[in-house]
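Below: one structure, written as structure tokens.
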Amino acid sequence: MSDFLIILTGALVASACGILGCFLILRRMALVGDAISHAVLPGIVIAFLISGSRDSFIMLLGASAVGLLTVYLIQMFENSGVQSDASIGVVFTALFSVGVVLVSLYTRQIDLDLDCVLYGEINYVPWNTITLGGVDIGPKAIWTVGIALFLIVLFIGLFYKQFKICSFDPAMAAACGIPVALFHYLLMSLVSVTTVASFESVGAILVVGMLIVPAATAYLLTDRLSAMIGISVGVGVLSAVLGYYAAYALDASIAGCMVSVAGVLFLAALLGSPKHGVLLRNARRRRYLREANAAEGRAV
Amino acid sequence: MEALFNAFKDPNTQWVLLGCMLLGLSSGVLGTFTYLRKESLMGDALAHAALPGVCIAFMLTGVKSIFLFLIGAAAAGLLATFGIGYITRNSRIKQDTALGIILSVFFGFGIVLLTQIQHSAGGNQSGLDKFLFGQAASMIMDDVIVMSVISVLVMGSCALLFKEFKLLSFDPGFARGMGFPVPFLEQLLMLLIVVIVVAGIQAVGVVLMVAMLITPAVSARYWTEKLGVMVILSGVFGALSGLLGTLISTTANNLPTGPLSVLSATALFIVSLLIAPRRGLLAKVWVRYSVKKQVKAESAQTRLERRLGES
């Protein structure tokens, strides 16, 4: 049963991240998830200092607030002329540093184990359950990530066309009268909430990996956005399932194995993709060369 | 003030100060080129990619030696730069995505290795992951010597190859056309970044290293349009951040030096963002205001002339 719950959680994270990852990659914002997972530290610490409790709902709230702030700051600096990658780097390092300083200022005596609070471990998912009205309704991670996934499917489903145009051609979207900034922030809010909701239960590395790697794999396999989203989710879920059994066989970190499997699948697509793969492209190139040489030989 | 003065009599503080300033200086200089080449987050990717290298070095030798760890980290870092280059050159995947893929997959694989080590070797693996989080306050003379050598290496290469790196930053296609060995130069720049990141993470941790490569360069960009000036300014900003970070941490309650250096760099960035001439926010507001005033005055003038013409 706990096997199933862990795999289900991994698959939910993979699906939520897989959908969002496609848009992030197309908009060249792949590293936003990584930035958010570092930058939310001060939010968690402040929420902890204000509430004085380690209730994860309050921490989730603090983290999400700072996640949105991160996204907003990145956009603000970008608008004032800083390159987007540098803007991401400046913001997340600064916020993370604020968090570390706050931790060493206020929480030296208090027991706030960052490894525990900030970076979850997917192993513990089945045991960390929530009770509603005295009834145990299942693992918390499944509920939080499930809700995040529901929101993603809802919003992306409702505004699919708008998101699509905004990702490929923001100028045209603006010309069509689509509020580009609104959709940007909507997407970023979804990323922020998903990142925070998932890494709190399964660890940051799994979230960052699942946001980027399956979507990149899908990007190599298709030229259609809808297909890309489908493949991305499929690759993510496959990585979660295979990764779990690999971890079981190797007796190693589950999240690490899931990301590693995603990496192997990416490598397979990079080399073997029918249209964009390295192997077939090189073979095609050799054949053209041979044909060209042969044609030249005939001409001479 | 006296407390500040006394703090600097302490040789340990002097080493930390010197080490942080050297690190800030050389990463500021290198950061300029990475910023212009839109590779700012390379440091982030390399710092994460070092983990499997450290783990493999430990698995192969079974000893916890900083020197072996550094070699492992550097090897993994170089492999990571090759990987990022290979992906961007051979597919339609963009650089930021390639960075993210390498970052997460290497780090994930590193965690797998780490748990393997934990499960097999028993107790003596502790501290392996702490390697990545560094402690500036524990810097000793040996670290500073290493840092000095690296700084000389970094700044010497940048000075000797300034023209080549300049061309590489602004127009690599043109550089290739001119017959410069572009792939070699790119890989050399990457090697320098790997060296500084590996030296830096052991001393001060991943996040400080990332910030030191990015923030001073972004700040310097606000003040100048010339690369030479930008490189020097960025180095000065980096060194200044190290200095301020160490100062604040020795005087105030022993706060961690690394994050304080980052925050000093961020403060310098915000100051630059606001008050830099021409590119700063205040300058922009001023230009907008004066243009508006001018336009108003001109339109008033034309209205007046038209009315005079009518009458």
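Heads up, the Cβ atoms here are built off N, Cα and C, so glycines get one too.
All annotation found in TrEMBL is predicted automatically rather than curated by experts.
The transmembrane segment annotation in TrEMBL covers A:6-26 (among others).
The annotation transmembrane segment is assigned in TrEMBL to A:31-50 (among others).
According to TrEMBL, the feature transmembrane segment maps to A:56-74 (among others). Taking Cβ pairs closer than 8 Å, the transmembrane segment (A:56-74) reaches residues 32, 35-36, 39-48, 50, 84, 87-88, 91-92, 95, 117, 140, 144, 185, 188-189, 191-193, 195-197, 200 in its own chain, all 6 or more past its ends.
The annotation transmembrane segment is assigned in TrEMBL to A:86-106 (among others).
Taken from TrEMBL, the feature transmembrane segment covers A:141-160 (among others).
The feature transmembrane segment is assigned by TrEMBL to A:172-196 (among others).
The annotation transmembrane segment is assigned in TrEMBL to A:202-221 (among others).
The transmembrane segment annotation in TrEMBL covers A:228-247 (among others).
What TrEMBL lists as transmembrane segment is A:253-272 (among others). Within the chain, the transmembrane segment (A:253-272) has long-range Cβ neighbours (under 8 A, six or more residues past its boundaries) at 6, 10, 14, 121-123, 202-203, 205-206, 209-210, 213-214, 216-217, 220-221, 235-236, 238-240, 242-244, 246-247, 278-280.
Beyond the transmembrane segment (A:31-50), the same-chain residues lying 6 or more positions past its ends with a Cβ under 8 Å from any Cβ of the stretch are 17, 24, 58-59, 61-67, 69-71, 74, 85, 88-89, 91-93, 95-96, 98-100, 102-103, 106-107, 112, 114, 117-118, 188, 191-192, 195-196, 199, 204, 207-208, 211-212.
Sequence-distant contacts of the transmembrane segment (A:202-221) (same chain, at least 6 residues past either end, Cβ-Cβ under 8 Å): 9-10, 13-14, 17-18, 20-22, 24-26, 30, 33-34, 37-38, 118-122, 125, 141, 145, 191, 194-195, 227-233, 235-236, 239, 255-256, 258-259, 262-263, 265-266, 269-270, 273-277. With a cut-off of 8 Å between Cβ atoms, the residues of this chain six or more beyond the transmembrane segment (A:141-160) that come close are 5, 8-9, 12-13, 15-16, 19-20, 60, 120, 122, 125, 128, 130, 183, 186, 190, 193-194, 197-198, 200-202.
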